[in-house]
Amino acid sequence: MTKVLGITGGIATGKSTVVALFKKAGYPIVDGDIIAREIVAKGQPALAAIVETFGPEIVLTTGELDRKKLGQLIFASPQKRELLNETLKPFLRKEILRQIEEAKKKAALVIVDIPLLYEAHYEAIMDQVAVVYVPEKIQKERLMARNQLTEEEAQQRIASQWPIEMKKERADIVFDNQGTREETEQQVKKWLEEQIGKK
């Protein structure tokens, strides 16, 4: 029986590091960010839905999405960001579910990488949810260093997601990423040994 493990975290908590460790161990990854980009490619139904919602000026002359223009629109307006999310939600969910079913045919464990897993209510389709955790103070420091942000800018980005402590409380598994990469890798290996029987 294939297990479906959803992996989430907060911005700059190290989710990508943990997902990469599962990938290295040979497990298929269903990547929510990649799917979100693919579903709005030229000619896709989700792009047509965006045009219907935001108008034809959101598309370049090539027929592709003008990501810069869309980014400016949704960054300036939380209402427009919410509208975009609502527009894309059914297309995204359908493709994520399709890819999970495909991956389940090939492996004993499928990893589903969704940054806003709890916010978008994907936990119901997972067997378990793992949260990659660091305290908010470290999260903010890492985000400021990684993206060259001021403290205020970093705080704004963190505040746009559920608090990491809240995600930690709801998680079935917590991968603590405060230490070294090696320490995090040991946690992943231990979980794989216990759950999948793979060393």
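Keep in mind that glycine also has a Cβ here, set from the backbone N, Cα and C atoms.
Since this is a predicted model, take the numbers as computed values, not measurements.
As annotated by Swiss-Prot, ATP binding site applies to Ala12, Thr13, Gly14, Lys15, Ser16, Thr17, with the evidence given as sequence analysis. Residues or ranges marked as domain 'DPCK' by Swiss-Prot: 4-199.
Apart from Ala12, Thr13, Gly14, Lys15, Ser16, Thr17, the ATP site neighbourhood in this chain, defined by C-beta within 8 angstroms of the site C-beta centre, holds Gly9, Val18, Val132, Asn177.
DSSP assigns Ser16 (ATP binding site) to a helical segment in the three-state reduction.
Across the binding-site residues listed here (Thr13, Thr17), the residue whose Cβ sits among the most other Cβ atoms within 10 Å is Thr13. Of all Cβ atoms in the shown protein chains, 23 besides its own fall within 10 Å of the Cβ of Lys15 (ATP binding site).
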